[in-house]
Each structure stands twice: as structure tokens, then as C-alpha cells.
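What follows is one structure encoded as C-alpha cells, with my remarks underneath.
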């Protein structure tokens with residue numbers, strides 16, 4: 001949590017003076033004035049799902065309206081500039097898919113690193129169960145798709161049903177939040193993060209065509225340089241931004257999809273603050289003591305220059321006392337949720353929707369493999385892996401969660417919209433017929449998974465676990 005925000009929200013002269021009696025008072029007062037971080041995260045994800053839904057509906061309407069030609073023109077509109085003999089331009093769709101989506105994957109990388117260092121993945125027992133469930137939820141859908149497309153040129157799409165859309169899945173779960181334990185939401189977040197790791201590895205290894213060893217070596221060298229700089233204590237954001245852009249560009253030129261660079265660069269972002277907690281509290285306490293001695297007037301950072309500088313000092317202490325990784329993650333949360341992902345949905349979700357096209361999609365091996373992979377494969381893979389993990393004591397479920405909750409969550413995990421669509425655009429970029437079928441089936445499977453999961457959690461799981469549901473409803 002950003003201590004600067006906590007401090008500024010709770011700042012008043014009476015609250016400051018009390019810190020001299022209790023060195024933790026500032027933190028406690030700030031924490032009391034805001035929602036728990038995970039609740040804020042859930043709310044942000046639910047909001048993101050609304051924006052994604054609006055963008056998706058807009059794309060579907062646009063692509064099926066009388067203005068569909070303008071939709072296609074927008075997607076393929078060339079954007080760029082000329083500088084002498086240098087020409088840099090690309091279609092809007094490629095700019096979003098190869099450029100803006102790197103920011104999304106960078107954000108995912110920050111989440112992964114935080115979870116491994118300080119989240120559920122930092123606890124061995126939780127980590128084992130999450131990884132086991134995620135592997136089941138990736139392998140089973142991929143196998144099902146491959147069975148339907150064995151020896152066909154569409155077999156390359158086996159990675160499409162492996163993914164879960166975190167924003168949409170969490171948004172769906174919040175609709176039945178009163179009937180499920182809050183720990184189920186946290187479990188889904190951890191599961192989705194491991195799922196994202198798997199999807200990123202699949203993209204890097206199996207959805208890359210020709211590779212330039214020279215550019216790839218340069219990119220990895222730059223990323224290694226960032227890792228060394230992190231170890232050496234370099235914390236300047238501009239340093240990581242400039243070197244990171246160079247690493248992204250060279251990876252793009254190498255042939256490996258640049259989203260992999262986004263994740264790799266994120267893993268080099270410093271996770272430790274410049275000021276250790278004890279030193280931070282000591283400096284803040286000393287500054288507040290100095291402010292307390294000035295009893296001639298009320299704190300006025302606008303009218304009084306000295307007060308202004310003292311408040312800025314505390315702000316700087318807070319900046320140095322928070323982890324860059326967490327600050328960057330917080331800073332990117334809204335831009336990614338409200339801008340990057342909706343734009344991606346807008347240019348990629350526009351497919352022809354009709355009863356006849358749906359029937360045609362479900363008769364195609366691509367569509368059938370994706371729908372059954374997401375709806376049935378995710379359910380069987382996640383819940384089956386969880387049952388095996390409990391049966392053989394490989395791991396345990398968080399408190400308040402039972403198998404009925406896991407079954408409902410595994411159905412909702414079949415919502416694979418963003419990442420599944422992204423993998424489809426990579427696998428079927430030169431096969432527009434397959435791509436159209438894949439996009440339509442992803443939408444249908446995601447909608448069906450959401451309906452089945454919500455009905456199960458609302459009707460069956462809630463009845464079998466009334467105590468946990470009622471307790472959660474009181475929170």
C-alpha cells in the first residue's frame with residue numbers, strides 16, 4: 001500500500017502529534033481510513049470487467065451494424081510517421097496488440113512477482129494447490145482442443161482455451177459475493193496469476209515463428225542488465241523505462257512476441273524500498289516531532305512555506321519507504337483496466353453474431369474445441385486437480401472454501417476472453433476463417449461458463465455451505 005496516500009488522507013495536526021506516543025499510530029490511523037487492499041483490488045477488477053463488457057458489446061454491435069465497414073477501416077487504419085527515409089507505421093490493431101498489450105503484460109509481471117514474494121504464492125502449501133489447480137485448468141482444455149483438431153492445420157490453436165480472464169471472472173464472482181467466502185475470490189486471483197504465467201510461456205515458446213538470435217540476445221542482455229541494476233540498488237523509474245523500451249523493441253525485432261519482454265522486464269523491478277521500515281518510522285517520527293514543536297500556528301501547508309516543506313519531506317519519506325514494484329502496480333492498475341484492455345476488446349471482439357453463425361462455429365473443429373475446452377476442460381481440470389491435491393495431501397484449500405466452491409469457481413474460470421482472444425490472434429493471424437470461428441466460440445464459451453458458474457454457486461454451493469455464505473454476507 002502506498003504510505004504517501006495513507007499519510008495524506010489521514011493528515012491533521014492532532015493525528016500527527018499522537019505519533020510521538022505510539023510509533024505505529026500513523027500507519028494504523030491511515031489503514032483505518034481506507035478499505036483493505038484486497039477489497040480495493042476486487043472493486044477495481046469488477047470495474048474493469050464493466051469497461052471490458054461495454055467495449056465488447058460496442059465491438060459486436062459495430063461489427064454487425066450497417067457501419068461494419070467503418071469498424072474494419074478503424075482496425076486497419078495505418079498510424080505512424082515519416083522522418084526522412086525512415087518510415088514507422090502500423091495498423092491500429094497491431095499497435096494495440098503488439099504495443100499497448102505489452103503494458104498489460106508488464107502489469108501482469110508485477111502482480112506475479114508480488115504474489116511470489118509476498119502473496120499466496122509465497123506460502124508453500126498455498127502455492128502447491130494453486131499451481132496444481134492451474135496446471136489442471138491449462139492441460140485439460142489444451143488436450144480437449146487438440147483431440148478435436150488432431151492432424152489439422154487448426155491444431156496450432158491448442159493454447160486458446162488454456163487462459164482465464166481475471167477481470168471478467170472476478171467481476172462474475174462479485175455478483176454472488178454474498179453467497180461465497182471472500183477467500184474464494186483470493187484463490188481465483190492466485191489461480192489466474194499462475195494461469196497467466198503458463199499462457200506467457202506458451203506464447204513465447206509456441207507462438208513465435210522465425211527468431212533472430214542477434215536481436216533476441218540483445219534483448220536478453222538488456223533485461224539481464226536491468227536485473228543487475230536492481231541488485232545494485234538502482235531505483236530510478238526512468239532508468240527501467242528507457243532500458244525496458246529498448247528491450248521491448250529488440251524482442252519485437254527478434255520475432256518473439258514482445259509481450260514476453262513486458263513480463264521479463266517487470267520481474268526486474270525493485271521490490272524493496274529505499275528506506276527500511278524502522279528507518280522510515282524513525283525519520284517520520286523525527287519530522288513530526290519537529291512539526292509539533294512549532295505551536296505558534298495550525299499546520300498550513302498553503303500559507304506557510306516551512307509547513308509546506310515539512311509536509312514535502314514526509315511525502316519523500318513515504319515515497320522512499322514504499323516498494324517501487326507496488327507503486328508501479330498501483331499506478332498502472334487504472335490505465336490497464338480502463339484503457340488498454342477495453343481498447344484491445346474494441347479492436348478484437350468484433351465478430352459476426354447470428355444464430356446461423358453460432359451453429360456454424362459449433363460445427364467447426366476450432367469452435368467445438370474451444371467451447372468444450374473452456375466450459376468442460378476448465379471445470380474438469382481445476383476441480384479434478386483440486387480433488388487429487390486434497391486426496392493425496394499435496395496442498396490444502398484456504399479457510400472457508402470447500403469443493404462445492406471450487407467446482408463453481410472452475411466453471412467461472414472458463415471465461416477466457418482477453419487472453420484467449422490474444423492467443424487466437426497470434427495462432428490464426430494468417431487464417432481469418434479460423435480466427436473468426438475462434439473469437440465467436442470464445443465469446444459463447446465465456447458467456448456459458450459465467451452462467452453455469454453463477455447458477456451453481458448461487459443455488460447449489462450456497463445451500464451446501466450456508467454458514468460461510470452468511471458470514472461473508474455480513475462483511
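Cβ coordinates come from backbone N, Cα and C, glycine included.
Your range for transmembrane segment, going by Swiss-Prot and the list 232-252, 295-315, is 232-252. Between the listed ranges 66-86, 255-275, Swiss-Prot ties the annotation transmembrane segment to 255-275. Contact between the transmembrane segment (368-388) and the transmembrane segment (232-252) is not supported, since fewer than 3 Cβ pairs fall under 8 Å when only residues 6 or more apart in sequence are counted. A contact links the transmembrane segment (156-176) to the transmembrane segment (406-426), because at least 3 Cβ pairs that are 6 or more residues apart lie under 8 A. Tertiary proximity for the transmembrane segment (331-351) is limited to same-chain residues at least six positions away from its ends with a CB under 8 Å from its CB atoms, namely 44-45, 47-48, 51-52, 54-56, 58-60, 62-63, 68, 71, 74-75, 92-93, 96-97, 100-101, 103-104, 106-107, 110, 167, 417-418, 421-422, 425, 436, 439-440, 443. Of the candidate ranges 130-150, 186-206, 255-275, 406-426, 255-275 contributes the most Cβ pairs within a distance under 8 Å of the transmembrane segment (92-112). In this chain, the transmembrane segment (44-64) lies out of contact with the transmembrane segment (186-206); the count of Cβ pairs under 8 Å, excluding pairs fewer than 6 apart in sequence, is fewer than 3.
Sequence-distant contacts of the transmembrane segment (211-231) (same chain, six or more residues past either end, CB-CB distance under 8 Å): 239-240, 243-244, 246-248, 250-251, 253-256, 261, 264-265, 267-270.
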